[in-house]
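The structure appears right after this line, and notes come after that.
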Amino acid sequence: MALTMLLLLVAAALTLIETRAGQHSLQYFHTAVSRPGLGEPWFISVGYVDDTQFVRFDSDAENPRMEPRARWMEQEGPEYWERETQIAKGHEQSFRGSLRTAQSYYNQSKGGSHTLQWMYGCDMGSDGRLLRGYLQFAYEGRDYIALNEDLKTWTAVDMAAQITRRKWEQAGIAEKDQAYLEGTCMQSLRRYLELGKETL
């Protein structure tokens, strides 16, 4: 009986490993934290392929740049790192503005510390196609607004987020995000899986 149970557990574990081995994900997490009296908000960005952190940007670094966090990313040339650094700095500026906007929506003073988070990414199925894309924002550690599974509409959790939703609908932001998640995100994931094929 014990041997049968052990074999069943091993078989279940192998099934989980095989299922997981065929699926992969690319995720980015961005966070901005206001620091009254200390200058601009702190901004950090990290990227993961599956459960492996592969890039990081920290606005408080001596020379803020997108940096490799996985050995296999060291294969990328200087043009890649310059481009990714510029993208991260663009996110940093945009995020700081969004943090100020959220503070105004919630009638909060600039004197306190506030946090804005953004998470997005794509999951690839074992067939190499998009399994799901996702994008969501949180303010002060609570859900704020999220792109729905259809990648066309938004869920806004409160009145402040409704303002953002209306602005984004008018600007066609969902369409741009959908194009990124279905296109660039998946292409990037395939590239990173190739670069890290020995360890991922």
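Glycine is no exception: its Cβ is also placed from the backbone N, Cα and C atoms.
Here's what Swiss-Prot has on this protein:
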type     : residues  : note
DISULFID : C122-C185 : disulfide bond
CARBOHYD : N107      : N-linked glycosylation site
REGION   : 22-111    : region 'Alpha-1'
REGION   : 112-200   : region 'Alpha-2'
SIGNAL   : 1-21      : signal peptide
TOPO_DOM : 22-200    : topological domain 'Extracellular'
Exercise. How long is the line from the C-alpha of C122 (disulfide bond) to the C-alpha of the residue listed as 'N-linked glycosylation site', rounded to the nearest angstrom?
Worked result: 34
Exercise. How long is the line from the C-alpha of C185 (disulfide bond) to the C-alpha of N107 (N-linked glycosylation site), rounded to the nearest angstrom?
Worked result: 35
Exercise. Where does C122 (disulfide bond) sit in the DSSP three-state scheme?
Worked result: strand
Problem set entry | Within the predicted model, mean pLDDT of the region 'Alpha-1' (22-111) | 95
For this session: Take the region 'Alpha-1' (22-111) and count its residues per DSSP category (helix H/G/I, strand E/B, coil), listing them in that order.
Result: 33 helix, 27 strand, 30 coil
Seminar exercise, completed: Within the same chain, the residues at least 6 apart in sequence whose Cβ is under 8 angstroms from that of the residue listed as 'N-linked glycosylation site' are none
